[in-house]
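The structure appears below as structure tokens.
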């Protein structure tokens, strides 16, 4: 019996220190640490979710935000069905880099129909906030993205963020079932991964991603 109906590859991008790893750990393992080590290269988590009686396996790639790792992480855009852009609501520069750096990388390396989601993290730091929600919503609308505010620390909207993009991917693949594939990825081809543990980990998941062709990148 099949363990899941769909397998989607999602990558998480954004500046270093925005809480990408914390969001992923909160979602995948329900854990949080104030002293989590910055990702070196690329790491990943796998989690299965149930949406509308459909079992969806998510392989979520956590990428390093430092400039020196961008050559490594750019290769993981290829074949991604969804991309989550994360900024820190208390760090204006991390927000500016969404349009100045990360969305440009998406245009350069990802497929044109990739599903995108913008997350404003660390909303628990109310007194330190410098990026307003309306400003972020405007950027999201201009770039065909949905927007969610979250806090990995308090677990606010974390599951909602990941299930939102998972549902959008599921809805699109069921809406266009007969379209030709544009993004079929065999995970065995990406088995060697540089992770934040400083070693080459082996991804044992060898299934092929569901074949999809999306008409729009927005998660609706």
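All positions are counted from 1 along the displayed chain.
Glycine residues also receive a Cβ, built from the backbone N, Cα and C atoms like all the rest.
Listed in Swiss-Prot:
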type	residues	note
BINDING	14-21, 62-66, 121-124	GTP binding site
LIPID	219	S-geranylgeranyl cysteine
MOTIF	36-44	motif 'Effector region'
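Features recorded in Swiss-Prot, as mapped to the structure shown.
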residue : record           : Cβ neighbours (10 Å)
14      : GTP binding site : 25
17      : GTP binding site : 13
20      : GTP binding site : 31
63      : GTP binding site : 26
123     : GTP binding site : 20
In the three-state DSSP scheme, residue 14 (GTP binding site) belongs to coil
Three-class DSSP assignment, residue 123 (GTP binding site), comes back as coil
